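Heads up, the thing below is written out as structure tokens.
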Amino acid sequence: MMIEVFVVVVMPAGGVSQTSAIVAFFIVTIGAGAGKSYLEATCYALVSAMPPKFMSAVMFGCGFSGVVASTLQCIIKASMPDTYESALIQSYIYFSLALAIMGIALCMALCLRYNSFAQRHVGEFRNLASAATLGEGTMETEPVADGNGVFEGDVVLDDQAARAEGAGGKKASGEIEEEEEEVRELRAEVEEVGESRGHFTDQHLTTSQQLQRTRVKPVFKLIYPMQIACFCIFFVSLFIFPSLIIPIDRTDKWFATLAILIYNCGDATGRLSSSIKKIWPSRRVLLIVSLCRFIFFPLIFLCIYKYIPGHTPAYIILGSLGLTKGFFGATSMVFGPNTPGLQTEGQRVMAGQLMGISLLAGASVSALLALLVVLFLP
């Protein structure tokens, strides 16, 4: 994604033709969109195994980036004339800062492997730490053989312990096979596997291995209300923002800029508020509110067609839209991986990934529909 931003920065200085610039812009836009979706979904999956405040922190980071971008836009717009040359300088400043921020974020992400907290909660980092410890000569978990194969167990202290572990593994294998044949509910499966070696093995798998060994359907059956809420919240918000903001007033040069800033500030405030457990709504209330937010559609169209005149009502509506989207959207993302009944890391990681898919689906569908609606607006 840094390469894509770099291409956007250097294209004006390269003297490329308009057609070449359009083609390059579309290519990097598609690549940036795919990269953003992939990295965002990966981030949601990684923090799903951590305490809820970390999901709130990730959600706040996404919202705060919008505040930073809008603030920079206001500062640059106010300090420079409205000419092509100044617009070119503004783009250089904006995208150069974006490259710097992305570089810092990359360095911080690479440093996570040395963070003890990340090593406890993320399978990949945990395995790297175990490998480093093994290299230093520390005793590690050895495979314990039974009659049917090899499985992971505790460090073998004597032959008797090895035989006991082997017998336990054989029993657990039979139980797991029986569960797969009968396809029981998730809670029963967790209890059976947790009593044997399933939960222990889950702790020693990487995130990708946890996802491969976790069934999607049982997790989906537990979290689908939060998926519906998340989809609706982001669908409503990103259908309106930013496509339906500019049509409210196309002549005022500052209206759209200030409206986007107000929306982003409300969004970031709501996301930050989701870290306060005392104000969390119940899951039922969250689902109801996500459906009630469709009321923003007629309000925005009333602003566009001047049935609600002036900028102040539009600012209030957009601020409320951002605030409710930030709080209830982030809360739904927090609730998903922490749904009662999800007891292993693999199940929580799967829940986080499914919630991320719901978020991105709501954002993508709404953006595509908004492009069609804008064609018929004044």
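Every residue gets a Cβ built from N, Cα and C, even glycine.
All annotation found in TrEMBL is predicted automatically rather than curated by experts.
Pulled from TrEMBL, these are the features on record:
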type	residues	note
COILED	169-196	coiled coil
TRANSMEM	6-33	transmembrane segment
TRANSMEM	54-80	transmembrane segment
TRANSMEM	92-112	transmembrane segment
TRANSMEM	222-248	transmembrane segment
TRANSMEM	285-308	transmembrane segment
TRANSMEM	314-336	transmembrane segment
TRANSMEM	357-377	transmembrane segment
Recorded stretch that, among 222-248, 285-308, 314-336, 357-377, has the most CB pairs under 8 Å to the transmembrane segment (54-80) = 314-336
Query = Which of 6-33, 92-112, 222-248, 314-336, 357-377 has the most Cβ pairs closer than 8 Å to the transmembrane segment (285-308)?
reply = 222-248
Request  = Could you name the stretch, out of 6-33, 314-336, 357-377, with the greatest number of CB pairs under 8 A to the transmembrane segment (222-248)?
outcome  = 357-377
Per-region confidence, the coiled coil (169-196) (mean pLDDT, whole number) = 48
Task = Sort out the residues at least 6 away from either end of the transmembrane segment (92-112), same chain, that have Cβ-Cβ distances under 8 Å to it, and list them.
result = 1-2, 5-6, 8-9, 69, 72-73, 76, 118, 122, 125
Ask   = Who are the chain neighbours of the transmembrane segment (357-377) in space, where the CB to CB distance is under 8 Å and they lie at least 6 residues beyond its ends?
value = 37, 40-41, 44, 227-228, 230-240, 243-244, 247, 304, 329, 333
